[in-house]
């Protein structure tokens with residue numbers, strides 16, 4: 001949630017900043033509701049002043065032995081008016097809060113202005129795409145030919161946008177997870193966490209998925225009595241890991257906190273009809289190793305650069321060519337104030353595709369979660385950051401395509417061989 005103070009003054013600058021994100025701020029609504037809030041606030045304070053003045057008068061009358069019945073009756077009436085005004089103010093404030101939850105984060109000053117991914121800015125490239133002397137196959141063809149990637153079985157078990165991995169391909173999938181977690185914990189000092197794959201609505205509200213993006217989530221239903229449950233499958237480990245500090249007051253000496261976790265992720269992929277229907281790129285269920293940092297405002301910019309570098313290091317160790325882009329205002333996620341996407345080279349598509357997204361959310365999520373840091377007598381909102389380190393299925397398909405051989409086999413990257421019993425190829 002953005003700072004509510006920004007919605008109480010001149011809205012022109014805020015409207016212009018949000019417009020770069022494709023969000024139209026309803027200035028008439030916010031000006032009207034703010035005037036209503038001010039009026040109720042003044043009314044409440046005036047009534048409270050009358051009550052306080054009346055209490056003093058009652059004391060003075062009692063001291064002089066005079067009759068207080070009329071004044072007490074008036075004060076009782078005032079107390080009733082105060083309760084009504086306070087109730088109205090609370091109801092109005094709840095309306096304001098619910099409306100504010102729909103507003104995206106404000107872009108950082110150095111985020112390029114743009115409408116779509118076409119306006120993202122390339123920051124750097126690493127590695128040179130391999131030159132093949134045979135016909136390039138896509139990962140779906142490679143996996144199916146090996147008999148280790150089975151979309152038909154997944155469709156029978158569940159439906160479209162699911163997969164079944166078998167044999168050495170399933171082993172490589174597991175090896176990637178172990179390699180990523182070892183890198184983040186041993187090399188970069190993250191605390192590995194095991195978190196629930198089911199969270200409540202407060203957790204999703206804290207990180208920004210609710211209330212605006214409920215259609216992207218899988219919600220659980222109690223079929224015993226057909227009642228809705230306050231439970232959802234996680235769309236990313238960012239949700240449970242970030243919410244570990246929800247409602248907490250942290251000591252500044254504790255920060256930054258660095259968490260990592262491997263989890264499945266579940267997404268409805270609403271709005272993705274017809275896109276990436278073949279293969280592993282866009283699935284309802286996929287695995288990801290996630291990084292989360294909880295930091296001070298002074299630490300967060302530097303930590304975003306570090307986190308992005310940590311995700312890049314995984315690709316470098318796998319010798320997978322990639323590029324890093326800074327997202328423009330119109331392509332950033334709802335909660336982010338600045339984001340880098342890392343895109344890996346896919347030979348079959350002759351292009352780079354997203355494999356990681358690393359974001360600094362500033363105090364946007366912290367304000368929703370009520371998470372603060374204490375520095376002496378002063379407290380302030382923490383900053384939260386998250387990043388994929390990496391999306392496992394997309395890393396697997398990138399390895400399959402970049403390490404494919406003419407005979408249909410896949411060479412296993414050297415860093416993964418210790419996790420695969422020393423094997424050097426998938427046949």
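Using the three backbone atoms N, Cα and C, a Cβ is placed for every residue, glycine included.
According to Swiss-Prot, the feature L-serine binding site maps to 236, 237, 238, 290, 388, an assignment based on sequence analysis. Spatially close to residue 238 (L-serine binding site) yet at least six residues away along the chain are 207, 290, 292, 386, judged by Cβ distances under 8 angstroms.
Applying an 8 A CB threshold to same-chain residues 6+ apart, the list for residue 267 (ATP binding site) reads 216, 217, 218, 235, 284. Swiss-Prot lists 267, 268, 269, 354, 355, 356, 357 with the feature ATP binding site.
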Within 8 Å of the Cβ centre of 236, 237, 238, 290, 388, which other residues of the chain have their Cβ, at the recorded L-serine site?
239, 241, 261, 263, 265, 288, 289, 291, 292, 386, 387
Cα of residue 354 (ATP binding site) to Cα of residue 237 (L-serine binding site): how many Å, rounded?
18
Listed binding-site residues 236, 237, 388, filtered to Cα within 10 Å of residue 355 (ATP binding site):
388
Of all the binding-site residues given, 269, 290, which has the fewest Cβ neighbours within 10 Å once its own Cβ is left out?
269
How long is the line from the C-alpha of residue 357 (ATP binding site) to the C-alpha of residue 388 (L-serine binding site), rounded to the nearest angstrom?
6
Local backbone state of residue 290 (L-serine binding site), from DSSP in three classes:
strand
